[in-house]
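Visitor: Per TrEMBL, the feature (6S)-5,6,7,8-tetrahydrofolate binding site maps to LEU117, GLY121, HIS122, LEU123. Annotation comment: TrEMBL describes 7-380 as domain 'Serine hydroxymethyltransferase-like'. Annotated N6-(pyridoxal phosphate)lysine per TrEMBL: LYS225, in sequence order. Sequence annotations record features per position, and here TrEMBL assigns region 'Disordered' to 341-361. Annotation source TrEMBL lists site 'Plays an important role in substrate specificity' at HIS224.
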Amino acid sequence: MPSPTSSDPIISSLLQLELTRQRQGLELIPSENFVSLAVLEALGSIATNKYAEGQPGRRYYGGCEFIDEIEKLAIERAKQLFGAEHVNVQPLSGAPANLAAYVALLQPGDTVLGMDLSHGGHLTHGHPVTFMASIYNFVRYKTADDGTIDYDNLRAMAIEHKPKLILVGYSAYSREIDYTRIKQIADEVGAYTMADIAHIAGLIAAGEMNNPVPLFDIVTTTTHKTLRGPRGGMIMCKKEHAKAVNKAVFPGLQGGPHENVIAAKAVAFSEALRPEFKEYARQIKKNAKILEEEFKNRGYKICFGGTDNHLLLIDVMSSKNITGQEAEVALDKAGITLNKNMIPDDPRGPMDPSGIRLGTPAITTRGMKEEEMKQIAAWIDEAITSKDDEIKLADIKNRVKELTDRFPLYPNLKY
Ligand code: DSN
């Protein structure tokens, strides 16, 4: 079979450059990870050739007998991982999964109570720039000064706004979530509950964080972050919402499911069911805690007071008088990839905010542990405090390369 190398040398050389970038850098974007070769192979498999609109056993196309088995396995494994009553593995990614969840539970104009974006929420949780915000009425709760979710205020807002849905689960929030408390508040005001666990799904699957699935009406996730599967989405829900969820995904919002991605999800879920994955999730958290300590010791302000999961949101502006954008650029030059991020009630704009967000899933996949975390925190501090010193940044990049060479990534892969 022709590989990109022989049939498309331009794409092949770009893939090789991207592989080298991934190998030689420190990947600290908390939503990124490195999948196994088995997941990569399933993604690149012939399952991509098949149309299979509908559900396993009830398709609109012939020839689905093997695809059905693949999709059923993905569903069963997801149920086992999270204790879900019903699973739909067809959402193309996190944003479509969230939209499908809203379509399943809400009518246009209904009110949703979700977390403010700058306090760790997500665009698809009702930010005014999204299409969803023009369909539903989103009101926003925030975190308290000590970094915890302000559950009393959330309850007061729920009583005031009478939402049809209360939404938790975040993309830059680093603390544990009290799902039982949220469920009590939702029951009190007659709201549905939804959790978007995209960032922490792997930690939940491994039993390292609280699991909302047994409690909540709907739980959405991506499969490519801590869960370490292919880029894609998934919805878990109570049996009573199964029909509405399936209908919202197809034909409501999507066409043919990407069965190669579903095959890769099935492979990733089976990996996540193994004991090694539990150990991996524990190490993700340990590594994040070490980074927290190291940054605190160097005078950095950690938003929300610290971390209980895989990520840290750091206020670099008030700590070191550098913007998130400046820090991101300097660190890129030093071979360290993370992202600029708004901090709670950030006085600065989203393209040049006050914070940076970093996490440990990808470097933990590479096998890095406590000792490497200490080194990485020291380099980040060095790069931030010498952001205009190109020679210093290039020197850190060399040291980063020496470190990453010791933790090979896809050693036999070549494009
Ligand atoms: N873009 C993802 C993240 O980086 O958190 C969330 O959708």
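Including glycine, each Cβ sits where the backbone N, Cα and C put it.
What you are looking at is a predicted structure, and each value in this text was computed from that prediction instead of being measured.
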Visitor: Which one of these binding-site residues, LEU117, LEU123, has the sparsest Cβ neighbourhood, judged by other Cβ atoms within 10 angstroms?
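Guide: Among the binding-site residues LEU117, LEU123, the sparsest Cβ neighbourhood within 10 Å belongs to LEU123.
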Visitor: Excluding the flanking five residues on each side, which residues at least 6 beyond the ends of the region 'Disordered' (341-361) place their CB within less than 8 Å of a CB in that stretch?
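Guide: Same-chain contacts beyond the flanks: 28-33, 116-120, 142-143, 172, 202, 225-226, 228, 284, 287-288, 291, 303-304, 310-318, 323-328, 331, 373, 380.
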Visitor: Suppose we draw a 10 Å sphere around the Cβ of LYS225 (N6-(pyridoxal phosphate)lysine). How many other Cβ atoms does it contain, all chains included?
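Guide: Other Cβ atoms found within 10 Å: 28.
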Visitor: I'd like the per-state residue tally for the region 'Disordered' (341-361) from DSSP, helix first, then strand, then coil.
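Guide: Summed by class, the stretch gives 1 helix, 6 strand, 14 coil.
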Visitor: For the recorded (6S)-5,6,7,8-tetrahydrofolate site formed by LEU117, GLY121, HIS122, LEU123, which further same-chain residues have Cβ atoms within 8 Å of the site's Cβ center?
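Guide: Neighbours within 8 Å of the Cβ centroid, excluding LEU117, GLY121, HIS122, LEU123: GLY114, MET115, ASP116, THR124, HIS125, GLY126, HIS127, TYR170, SER171.
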Visitor: Output, ordered by sequence, the same-chain residues six or more apart from HIS224 (site 'Plays an important role in substrate specificity') with a CB under 8 Å from its CB, or 'none'.
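Guide: Sequence-distant Cβ neighbours: SER31, GLU32, ASN33, VAL35, PRO230, ARG231, GLY232.
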Visitor: As a test of reading the model: what is the averaged pLDDT for the domain 'Serine hydroxymethyltransferase-like' (7-380)?
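Guide: Summing pLDDT over the domain 'Serine hydroxymethyltransferase-like' (7-380) and dividing by its length gives 97.
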Visitor: Say we define neighbours as other CB atoms within 10 Å of the CB. Which of the binding-site residues GLY121, HIS122 has the fewest?
Guide: HIS122
